[in-house]
Amino acid sequence: MTNIRKTHPLIKIINHSFIDLPAPSNISSWWNFGSLLGLCLIIQIITGLFLAMHYTSDTTTAFSSVTHICRDVNYGWLIRYMHANGASMFFICLFIHIGRGIYYGSYTFMETWNIGVILLFAVMATAFMGYVLPWGQMSFWGATVITNLLSAIPYIGTTLVEWIWGGFSVDKATLTRFFAFHFILPFIIAALVIVHLLFLHETGSNNPTGLDSDADKIPFHPYYTIKDLLGVFLLILFLMTLVLFFPDLLGDPDNYTPANPLNTPPHIKPEWYFLFAYAILRSIPNKLGGVLALILSILILAFMPFLHTSKQRSLMFRPITQVLYWMLVANLLVLTWIGGQPVEHPFVIIGQLASISYFSIILILMPISGIIEDKLLKWSL
């Protein structure tokens, strides 16, 4: 009798995806973050579901309901902080996962990469709307500032913003719809993740060398299930350390003040994982220009496959582009820092220079260095 694992229509799919999947024998720990993102999504959906059982999406009671969750619900404080810090872990894993993809040229899997870019936008939208729900000061003003950016769209801007708000300002209608979207989006993300994996399994995984690994494949289980398990334990350790010892480390103190439309906080800023994009937005004096730069700062990932000029896929044997890559990473850290600073000298000019270098490295310098490296190796025609 053949193993049910290989014959049952449903179990067979799981088998081909997680058990008997042929995987390259040399993929490093940077390949662990895909499974960790899956874990983060599961944690967020489960904790979010339990939070939704006690949360009320009404402007008069939203803030109180979050307080109620933390004070009165059994382990409510744990669920709330796991959800809040789980979002931070999600983005840490996302940034590393994308960084790995750029470094090792995984963007040449066009379908997988494009679904990944869509996933990034979906996760960012979900996180933004989730931040509005506690209805603290930063929730309210963050929602006001970010939704207001759409008013920069010519002709339809103002109407569009009021349509999203469901009124003439961020109010009850806005909070209710944000809660509805925040609840449904993670399930759409889960569906997109399946499509992401579907496309990945059409080609098989990339590996650090960027070379074809068909001649040397090993089964996913037990090798990579065990390897992923180590990542899982480390992620949970890191998350729970954050939750149990420093729950408010990454949050904003302003969000412990209930939303007040009559009192603007001195420094409106988003969560840390949006600061790099926020810095790019602020570095352009023109409103529409800033919005376009903001969108392009993420959308630029979709152009990655077309900006690849080298005959080598990975950066493993490309020292010049390696230097540019790490300059880009440092640049993003600078942008993240600037995004959290007030709009004054010298932060404005630093932000503008960092924004220019961000786009320059990706659009100009990296493609040029790819051509130079090919010439040095006498590979160019």
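Quick reminder: no glycine exception, Cβ is built from N, Cα and C everywhere.
Pulled from Swiss-Prot, these are the features on record:
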{"type": "TRANSMEM", "residues": "33-53", "note": "transmembrane segment"}
{"type": "TRANSMEM", "residues": "77-98", "note": "transmembrane segment"}
{"type": "BINDING", "residues": "HIS83, HIS182", "note": "heme b b562 binding site"}
{"type": "BINDING", "residues": "HIS97, HIS196", "note": "heme b b566 binding site"}
{"type": "TRANSMEM", "residues": "113-133", "note": "transmembrane segment"}
{"type": "TRANSMEM", "residues": "178-198", "note": "transmembrane segment"}
{"type": "BINDING", "residues": "HIS201", "note": "ubiquinone binding site"}
{"type": "TRANSMEM", "residues": "226-246", "note": "transmembrane segment"}
{"type": "TRANSMEM", "residues": "288-308", "note": "transmembrane segment"}
{"type": "TRANSMEM", "residues": "320-340", "note": "transmembrane segment"}
{"type": "TRANSMEM", "residues": "347-367", "note": "transmembrane segment"}
In terms of Cβ proximity under 8 Å, which residues at least six beyond the ends of the transmembrane segment (77-98) contact it? 30, 33-34, 36-37, 40-41, 43-44, 47-48, 50-51, 66, 69-71, 116, 120, 123, 127, 130, 235, 238-239, 242-243, 247, 250-251, 271-273, 301
Ranked first among 178-198, 288-308, 347-367 for CB pairs under 8 angstroms with the transmembrane segment (320-340): 347-367
Closest to HIS97 (heme b b566 binding site): which of the binding-site residues HIS83, HIS182, HIS201, going by Cα position? HIS201
In terms of Cβ proximity under 8 Å, which residues at least six beyond the ends of the transmembrane segment (288-308) contact it? 98, 102, 105, 107-108, 110, 113-114, 116-117, 120-121, 124, 149-150, 152-154, 276-278, 280-282, 355, 358-359, 362-363, 366-367, 370
Spatial neighbours of HIS182 (heme b b562 binding site) that are distant in sequence (at least 6 apart) but have CB under 8 A: GLY48, THR126, MET129, GLY130, LEU133
Count the Cβ atoms, other than its own, that fall within 10 Å of the Cβ of HIS196 (heme b b566 binding site), considering every protein chain shown. 21
